[in-house]
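This report concerns only the one structure given below.
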């Protein structure tokens, strides 16, 4: 993969690039890598699953290492692939993967649990980690408060989160990956980034990411509920 933070160009055919029957080659897609960052159990995996699969996962395993999902969208007639990279929040699972995780990032989604004040207070450390890996403020960033459906358990008020978002020049979204009524809201989070990236990132020819290198399969473990 190229070192520059530019969108990569994927060809939907392989080999010599010729098309059977001599027809026109298939359309090409720009690929944008968006990383989803936050403490464990804030609902990162469920948010990415909701956007890519259109539904809430009933059961899931804890993320170990790095995983990603992708979805193709069409914006202004252009087909774009959005890759959502999700990583384990625990430090012991991140040490060996963090350098690869931050490579060629186009945008960042910071996620906290609205019912867990500690996850909100961890946000500065996640922002600092991004800075340490040379992700500047020029890269589009969004702040997401998850689990807004648990109204009686909210610990992070909107005004506090909005002040933090304004300080760091990020838009704030409050949503629920679980509540089907918030499906359009989850959609808006990632489509907002997709529109920004489409408008500002030039086209560059690059090899698409190697799935074998970035999709880390966890060891078999008992299934657990996705708390989001």
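Using N, Cα and C of the backbone, Cβ positions are placed for all residues, glycine too.
Annotation comment: Swiss-Prot describes 45, 63, 86 as Mg(2+) binding site, evidence class similarity to another entry. Cβ contacts within 10 Å of residue 86 (Mg(2+) binding site), excluding its own Cβ and spanning all protein chains shown: 24.
Annotation source Swiss-Prot lists motif 'Switch 1' at 54-66, citing similarity to another entry.
The annotation motif 'Switch 2' is assigned in Swiss-Prot to 87-106 on the grounds of similarity to another entry.
As annotated by Swiss-Prot, S-geranylgeranyl cysteine applies to 226 (among others), with the evidence given as similarity to another entry.
Annotation source Swiss-Prot lists S-geranylgeranyl cysteine at 228 (among others).
Positions annotated as cysteine methyl ester by Swiss-Prot: 228.
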Within 10 angstroms of the C-beta of residue 45 (Mg(2+) binding site), what count of other C-beta atoms is obtained when all protein chains are considered?
-> 24
